[in-house]
Structures are given as C-alpha cells and as structure tokens.
Amino acid sequence: MAGGQRARWPASTLTNAWLLAAAVLLNTQGIIAQKVQVEVEVEAYPTESVTLRCQFINGGSTKLTQVSWIWEPVDGQRDNIAVYHPVYGQSFPNPLFKDRVAFLFNNLENPTIRISKLRMSDAGRYTCEYATYPTGNEQGTTNLVMLAKPKNSADVVTVQAGTKSVVVAQCVAADSKPAATINWISSVRGNYSTSTTSGPDGTVTVRSEYRLVPTAEDNNKEVTCMVDQRTQERQWTKSLRLSVEFPPSVSIAGYDQNWYVGRSNAELVCVFNANPPPTAITWKSASGPLPDSVVVENDRLSIRKVDDAVNTTFICEVKNKHGANSHHINVFVNVQRPFICSEQQKTEHPKPPSTGAIIGGILGTLAVIGLIVGAILYVCCRQDDGEGPPKHKPPPPVKGSSSTEMLTKPSEPTTASKRALLSKGEVYYETSGREPVANLDDGSSGALNGGAPPGLDSSVKEFKESADSHHSNEFESSNHGAPAASISRGDSFVSPAMYV
C-alpha cells in the first residue's frame, strides 16, 4: 500500500480465523487421544482390587519407547506409580503402592495394571501416558471412584418419662461414600434430626436422632430406622422398641364380692406396670399384721380358708428405682354364702324373640281384636233390624156390646211389669187381675161378685197360648187382619188378641 500504511483486517475476519484455528487444534488432540484407549471411570471398594486398562491403538509408524501410570490424587499433584520400558523392564517408584500394583501384560501395547488392597485414599485420576516418536507423549485418563458401603447401626436410648423432648433412638450410617440417607417410621409422635461428618479418607458418617417427650405409654412402642445408599442392593432397615422408664402403677384383681366364712382358695393378685421391673412387692393389712390364713407369694395373696379376720383392707405396694406406688381393696366377708348365679347362668340369657315371631304375634292380636269387634257390630245390627218376637203384650180386651148389659165395678188400672225371662228391651204387660163383669144372661153368682165366667177363663188361657205360640214368629200384622171372633155366647165374649 502507498504511503507505507499497514493493512488492517476486519474484526469479523480475525474472529473467524481464531475460531478455525481452535477447531483444528481440538480435532488434532481428539485424534491423538483416541490412540490411547482407557476407561473413563471405574468404581471400586476398599480392600478390594481394581483393574485399570490401557491400550495403544492405531500406532502406525509411531514408535513406543516407554509407558507410565501417573496418579493425581488432587489437582496439581502427579506421582508415578508404575513404569514399563522394553529394555529396562518394570518400575514402581511410589512407596504408597509398593506391592499393591502390577502390570498384567509385559508389553508396551497393553500396559494394563491392577491395584490390590485398595484404600479410600487411592481415589483420583490415573493417567496412562506413552512416550512416542515422533509425535511425543500421548495419554488417556481414568477416574477411579472409591465407594464405601455404610456401616449401619441403630440403638435405643433408655430415658425416663418426663415433660421434655429427649433422644429416644439413634441411627448411624458410618464411613460411607457417597453419604447415606436416613429416614424413620414410628408409631409414636416424634421428630428426628440428621447430621453428617466427613472423614480424612473421604468417607462420610451420617447420624440421625429420634426425639420425643417420653411417657409411660410410649414404652415398648416401635420405631424403624431406614438407610438408603448407592452401594446397597436394597434398603437397610432396623426396628427398635423404645425403653421409657417410669415408677410403678398398681391395681388389685381377684376380689369377686363373694367371700363368705368357710370359703377356700380365695386369692388376690397385685397387678402392676413398671419399667424397670419392681425391686419389691409388699402385701399389708390396714388392720395390722396379715391374718394367719393368708399366704403371700410375690404378687399373689392367697387365703386358705376365709374367716372373720379376712374382713379387712388389703394393700399392695410396689417399688422400683424410680419410686413406689400402692393400691388397696376392702374385703367384706359374709356370714353365710350368698346366692350368686354361676358364670354359665350369667352368660346364658334367653334369646330374644326373632323379628318374625314379634310380627306374627302382633298380627294375631289384631286378628282377635277384629273378630271381637265384628261380633259386636253383628249383634247390634240384628237388634236394629227388629227381628224377634213382639216387644209388648197388650192388655185383655173388654167385652163388646150384646143383648145383655155387663155390670162392672170400676176396674183397677193396669200395671206394667218386666218379664224376667224376656230379652233386653222387651216389656210384658199383663192385667193385675180379672176384669169384674156381669153376665146378664147367666145367673151365676161369680159374675155378680166380680169374677169372670168360666168361658172367659178358657178364652184368656187360649189367648196366652196363642201369644206364646207366636212369640218366635215374625210380626205380620200389616198384611193380615185381626182374626174373626168365633166364640159362642156361652163360652166367652173376649175379642181376639191384638198385636201392637
């Protein structure tokens, strides 16, 4: 260019050039890296062995002069642990791997090594590096990951019942890599906390504590610790029974309120709940020393034969290291044996009637009531229809006019009287005496004295018989007239019966 000016490249052109150069460099390194074939990552466990493979491929005209294994525990630290030369042989310069590392094949093309008796500190990057001609050094790196199975444990912490939250169980997953995870399953209301601690060899210890406010009811309740970690084939679990200590609670059993003089084999039992177990169980009597008939054996008080001395208050006292507690019971001795139903009689109650029986009884009762009501209605309807004999009997008629005049004295008024054998509602009327009539044609003195002639007596008798014969017949006076008089002058002058 004129004037001695320097040429300037556009900024975009320079950027593209740098990108192209970087791509070529990366591609070249990739091709070189592919010549040393290794595994990217290998996992191993302490005390075990691990094989680190290395192989030089596609060497072509490249000459291999030496191969070395370099250990990098941390960034910036490189230590040779194994060297192989086709002329000078094998070398293991690092004392940390003395007698623990070896070549599996005695050649440059496959310098695979094995490390035994692994330690957690053996973790790091292992580089298989070749010295070649004319390309120089070529290498491949394997990352060795040391895993550690956790040492799991779970234990109960014995506590005393109280009002503050305390640790009642703990679970530990120690010296694991990677760190474990701990969870809890519990039948009590509590919570847990977890902490981790790293070891010098890279392992991690996880500790978890389960806490609650302990009560006597929490004793012997179950909690379960669960540990999950990468190296475990399945979840590790352990169930624990809580241990909560508390003073005794006491009660007395065995008294059935049927103690009478002469009864044998009566017994009382001291029932207690305590943790730890009681150190002493004592029976006492409120009235003084125990009766002579009493035998005490640990938590049992037996009476060989009940007498008046047993009529007292018995006390059972239980002690453990956290305190003492007692319970008493009043025993009443009867002079005679009371009648008490046996257990079988108490339990054998009559079975209640079934639902079908109850319904059948109700229906039967309703049917009987219906029959009674129907019968009453039927009788009332029969009476309302007017069936049956005539309700009244008329008074006897007086003698009609004739050629002879009947001399009579004033007759007494008729009286009504109820006939004893008539049905309800019937009234029978009859004259209080015979009518005093005088038969002018007949000179009988009976007529003059107020009596009736013989013909009248027979007519009245015929009238009564006629009325009795019609007593059960239906009244039909509306269809028939009164019967015609056919009585002769000398027989009677009584008119035929008239029905009302």
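Each residue, glycine too, has its Cβ placed from N, Cα and C.
Since the structure is predicted, the reported quantities are computational estimates derived from the model, not experimental observations.
These features come from TrEMBL:
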SIGNAL    1-33  signal peptide
DOMAIN    10-145  domain 'Ig-like'
DOMAIN    150-243  domain 'Ig-like'
DOMAIN    248-332  domain 'Ig-like'
TRANSMEM  357-381  transmembrane segment
REGION    386-419  region 'Disordered'
REGION    435-500  region 'Disordered'
COMPBIAS  459-474  compositional bias 'Basic and acidic residues'
Open item on the list: Checking distant contacts: for the transmembrane segment (357-381), what same-chain residues at least six beyond its ends satisfy Cβ-Cβ under 8 A?
Closed with: none
Task: Residue distribution over DSSP helix, strand and coil in the domain 'Ig-like' (248-332) - done: 3 helix, 53 strand, 29 coil
TODO: Could you break down the residues of the domain 'Ig-like' (10-145) into DSSP helix, strand and coil, giving a count for each?
DONE: 29 helix, 59 strand, 48 coil
Open item on the list: Mean pLDDT for the domain 'Ig-like' (10-145), rounded to an integer?
Closed with: 83
